[in-house]
Amino acid sequence: MVVPVKRLAAAKSRLRGALPAVPHEELALALAADTVAAVRACPAVAGVLVVTDDARVAEAARRAGARALPDAPGAGLNAAFRHGAAAAGGGWVAGLTADLPALRPAELAAALRAAQAAPRGVRRFVADAPSRGTVLLAAPPGVGLDPRFGVGSAAAHAASGALALTGDWPSLRRDVDTADDLAAAARLGLGPRTAALAAAGCAA
Ligand SMILES: Nc1nc2c(ncn2[C@@H]2O[C@H](COP(=O)(O)OP(=O)(O)OP(=O)(O)O)[C@@H](O)[C@H]2O)c(=O)[nH]1
Ligand SMILES: C=C(OP(=O)(O)O)C(=O)O
C-alpha cells in the first residue's frame, strides 16, 4: 500500500486553523499517523510504503512499521504514487491518501476484498464522500497503478478505465481537507493522535 505525504509545512493548507490551539504541522502529522496506523492494522495489507520528504513523517511511518521512501522525483502527488508503486514489487498495488484519520481497518479490508473481486485486469478506485475525489486506487498484478489524483480525480479515474467501488465504507471515504471535513471525521470517530489534538485544541 502506497501512502504519500507532503511535507508538513505545506500539507493540508485548507485545514490550517481548524484547531486554533494546535500547531498546523502537528495536526497534519496526526492525520497521516492515524491513517498509517489504520493501514498497518489491516491484515489484508502486506506492507506500507510512505512516500515523503518530511523527516517527522518518515520517522512516524517507520515507528508504525511502514517503510519510508523519499518523495522522488519531487513532481507532485501522482509522481509520488508512481514512485511508491514501482518500489512495491509484484502483486496487487494500491494507493491511499494520507488524510483519513477516521479510517477503520475493517472498512479498508472490505474495500480491498471488493477490489480483488472480478472483473480481472481492471483498476478499481474508491471515491471520497462527496464522490469528487479519490481515496483509494488499486491495480491488479501486471497492471500499472496509473494514478490520476487531484481535483476531480473520481471522474479522471473512471475515464481512465478504473472501476468505481460502491461499498458503504464511510471511514474510508471520509478524507479531511477542511474544518468541516474534520468535524465529519470526528463524528465517525477519529484515530487516537488526531482525537487527542481535537480534544486539546477546541474539538472539531
Ligand atoms: N509525497 C507527496 N504527497 C503528496 C503530494 N501532494 C499531496 N500529497 C498527499 O496526498 C494526499 C492528498 O492530497 P490533498 O488532499 O490535496 O492534500 P494536501 O495537498 O496536503 O492539501 P491542500 O494543501 O489543502 O491541497 C495527502 O495525504 C497529501 O499529503 C506530493 O507532492 N508528494
Ligand atoms: C488529491 C485528492 O484529494 P483532494 O481532492 O481531497 O485534495 C483527490 O481526491 O484526488
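Every residue gets a Cβ built from N, Cα and C, even glycine.
The feature domain 'MobA-like NTP transferase' is assigned by TrEMBL to 31-122. According to TrEMBL, the feature phosphoenolpyruvate binding site maps to THR134, GLY150, SER153.
A Cβ within 8 Å of the Cβ centre of THR134, GLY150, SER153, the residues given for phosphoenolpyruvate, is found for these other residues of the same chain: GLY133, PRO147, ARG148, PHE149, VAL151, GLY152, ALA154, ALA156, HIS157. By the criterion of other Cβ atoms within 10 Å of the residue's own Cβ, the least surrounded of the binding-site residues THR134, SER153 is SER153. In this structure, SER153 (phosphoenolpyruvate binding site) is part of a helix by DSSP. DSSP places the residues of the domain 'MobA-like NTP transferase' (31-122) in helix, strand and coil in these numbers: 42 helix, 10 strand, 40 coil. Whole-number maximum of the Cα to Cα distances across the phosphoenolpyruvate-binding residues THR134, GLY150, SER153: 8 angstrom. A 10 Å cutoff on Cβ-Cβ distances gives GLY150 (phosphoenolpyruvate binding site) a total of 12 other Cβ atoms nearby, all chains included.
Looking at the domain 'MobA-like NTP transferase' (31-122) alone, the prediction's average pLDDT is 96.
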